[in-house]
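Novice: Have a look at the structure that comes next, please.
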């Protein structure tokens with residue numbers, strides 16, 4: 001998991017010990033420690049428990065790794081449609 005998530009998790013845990021927080025999440029301290037240290041990713045169920053326990057909101061965002069460009073076939077179809085529209089507008 002990203003550093004921002006781990007830092008947020010530590011901040012939300014506040015002054016509670018890892019032992020206490022993991023008990024409230026109904027998981028072992030070692031499993032919680034692996035999540036907080038970034039050695040393991042939490043399950044959706046665990047994320048839901050963290051949200052409930054910390055009265056927070058979970059935001060998931062999908063960001064492409066690199067810009068996606070339309071396939072050449074898609075560009076061709078788009079160009080053909082534009083040409084057809086221009087032709088039909090010429091007759092109006």
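Glycine is no exception: its Cβ is also placed from the backbone N, Cα and C atoms.
So Swiss-Prot lists the following for this protein:
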DNA_BIND  20-39  DNA-binding region
COMPBIAS  1-27  compositional bias 'Basic and acidic residues'
DOMAIN    9-62  domain 'HTH cro/C1-type'
REGION    1-40  region 'Disordered'
REGION    63-92  region 'Disordered'
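Map these features onto the structure and tell me what's around them.
Specialist: DSSP assignment over the DNA-binding region (20-39) gives 14 helix, 0 strand, 6 coil.
Long-range contacts of the compositional bias 'Basic and acidic residues' (1-27) within its own chain (CB-CB distance under 8 A, at least 6 residues past either end) are made by residues 33, 35-38, 41-42, 46, 49-50, 53-54, 56.
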